[in-house]
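Asker: Checked TrEMBL, it gives:
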DOMAIN    B:8-103  domain 'Pseudouridine synthase I TruA alpha/beta'
ACT_SITE  B:Asp51  active site, nucleophile
BINDING   B:Tyr109  substrate binding site
DOMAIN    B:143-241  domain 'Pseudouridine synthase I TruA alpha/beta'
Protein chains: 2
Amino acid sequence: MRMLVKISYHGGKFMGFQVQHHERTVQYEFERILKRMHQKFVRINPSSRTDKGVHAIEQCFHFDTHLNIPPDKWKYIFNSALPKDIYVQSVEQISDDFHCRYDCVGKKYRYKVYIDEERHIFEIDTKVQQKKPVDIKKMNETAQHFLGTHDFTSFCSQKTEIQNKIRTIYQSEVNETEDGFEFVVTGSGFLYNMVRVMVAYLILVGEGKRSGEEIHTLLEERDRKKIPFTAPAHGLYLEKIYLDKQELVNEFGTNIEIYNKNSTENV
Amino acid sequence: MRMLVKISYHGGKFMGFQVQHHERTVQYEFERILKRMHQKFVRINPSSRTDKGVHAIEQCFHFDTHLNIPPDKWKYIFNSALPKDIYVQSVEQISDDFHCRYDCVGKKYRYKVYIDEERHIFEIDTKVQQKKPVDIKKMNETAQHFLGTHDFTSFCSQKTEIQNKIRTIYQSEVNETEDGFEFVVTGSGFLYNMVRVMVAYLILVGEGKRSGEEIHTLLEERDRKKIPFTAPAHGLYLEKIYLDKQELVNEFGTNIEIYNKNSTENV
C-alpha cells in the first residue's frame, strides 16, 4: 500500500532534502528508518527537493510498503526514530496511483527578513538580516508583477536543467511584520533558486537600486545575468504543498489554470 | 583601562559560559580574540556563569586593556571576529574599581515553554515542550510565594558549593503566551540550577501533581530531595543584569534591600 507523509523540518543542519553521498539529508533520515523496517531499500518520493539550509513547514512524500501498520503508528515510529529537527505531522494511506511529484499542483513559499543593524542572535538560521531600510509598500507593488503566467528564465539559477521555464504565480506579496517583512509566493511550480532570486530582486527595489517597473522587460529578456543576486537559503520556508486543484481554487479563485504538474526543481 | 561589554548569545551550541578544557564556551571565544590583540592572556570577568544550553539576552563582563581603542571600535572588532551565535550589544569604558561580579545587584531570568502534543521544529533549542495542559493561573499564584527573602536550599542543585543560600526575589510570575507560558523571575542572585528547579516545581503544580500551598514548608525544610526535578536548560534565558541598585528600585519599588552582592553561581 502507498502512504502519504506530511513533515516539517528545520533546514539549518541539513545539506538539503535529497540524498547526496555521505551528507546529512532529510531523505536519508527517512530511508534509513524504512530500510531497517523492511530489511531492504525503500525509496521516498517527495513533492519538492529543498536546498541546503531551506526550511519546511509542510513538505510531502509517499512510499510503498507491504507492512500492515496503521497511519498513527507510522507517525509514532517515525517521530521516535527521527532526529529532533525533523517532525512527522501526519501519515495517511492513499491510492496506489497517487504520486507526490506528479500530483503536486502548487507550492507556497515564505521568505522571512528582519530589518536591524544589530544581529538577532535567536534568528541566525531562521530569518535573514537586512541592515538598510527598505520601502515595503514599493516592494509589495513590485511583487504583484510576478502574478500570472510567465517564462521565469531571468529569475532562476543558470544551473536549472529543466527545459520548460514557464510557471504560473497565484499569490505574490510582501507584508510588513513586527521586525521586518515577509515575501509570500504561491505558484504552480518553482525553478531552481527562483524564490531566492525573486527576493534578492525585490530587496534591490526596496533599497531604491532597481526600479520595479522593469519586471516585465526582465521577464521578456529571459537573461539570468540581469539579476546577479540570490538571497540566502536560511530565510526560505516551504510552507504548503497543494495536492488538490480544489485547494488552490478555494484559496485563489476559480480562474486558475494549472500549468506545470511535474515541477520539482530545487528552489 | 577597564571596559564593560554587554552581550547576547544563543546557548544551543555552547558548553556554557565558563572556560572548560577543550570545550566550546562563550568565555573562550572572547579570550581567544583578546589574546590575539594583546599578545598575552587577558581574562574576562562575567556577572553570571550560565550553564550548557542556557541563552543570554543580556550578559555582562569586564576586562582590562592598555589598548587605546574607542568603545564602538571594540564592538566592531568583537562582532567581526566572533562566531554568529554571540553578539556584542555594547562596549563602554567604566571606572577601574567597577567589577561585573561584585557590582551585580540583581538578575532577571525568563523561562519559555510551549504547550503542544506536537513538537515545534523551529523551537527545539529555544523553548521547552510541555505536552500536558497546565493551570497557568494556579502556577502564577504559586510563583508569588517565592517573593521575598528565603533560604533556597530546597530549590537548588545539591552540587551548589556556596554556603549562603539566602536570596531575595523581587519578581516571580507565570504569564500566558501565544503558545504556552513564561516564568519571569528577578532576584538578588540565584543558586546553581535554582530557576530550573523552581520551573520544574511550578509545572508539577500546574499539572495538579503538587499543591503549591506547600512552598513555605518546602523552603523551611531546606531539603533538595523534596523536589526531584530540574527543567531542561534550553528554555532558560538570562535576560538582564542589574549593575545599579537604582534600576531595581525603579522597576520593583523602594522597599528593596539588596542582599547578596557576590553571587555568580551557575543557574
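Note that Cβ sites are derived from N, Cα and C of the backbone, with glycine treated the same way.
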Asker: Using Cα coordinates, what distance in whole Å links the residue listed as 'substrate binding site' and the residue listed as 'active site, nucleophile'?
Answerer: 13
Asker: Let's see if you can do this one: DSSP helix, strand and coil counts over the domain 'Pseudouridine synthase I TruA alpha/beta' (B:143-241), in that order.
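Answerer: Reading the DSSP string over the domain 'Pseudouridine synthase I TruA alpha/beta' (B:143-241) gives 33 helix, 29 strand, 37 coil.
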Asker: I'm checking region-level scores; what's the whole-number mean pLDDT for the domain 'Pseudouridine synthase I TruA alpha/beta' (B:143-241)?
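Answerer: When the pLDDT values over the domain 'Pseudouridine synthase I TruA alpha/beta' (B:143-241) are averaged, the result is 93.
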Asker: Out of B:Asp51, B:Tyr109, which of the recorded positions has the smallest number of neighbouring Cβ atoms within 10 Å?
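Answerer: Output over recorded positions B:Asp51, B:Tyr109: least Cβ neighbours within 10 Å is B:Asp51.
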Asker: Quick one: what's DSSP say for the residue listed as 'active site, nucleophile', helix, strand or coil?
Answerer: coil
Asker: Treating G and I as helix alongside H, and B as strand alongside E, what does DSSP give for the domain 'Pseudouridine synthase I TruA alpha/beta' (B:8-103) in helix, strand and coil?
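Answerer: Looking at the domain 'Pseudouridine synthase I TruA alpha/beta' (B:8-103) with DSSP, the answer is 27 helix, 23 strand, 46 coil.
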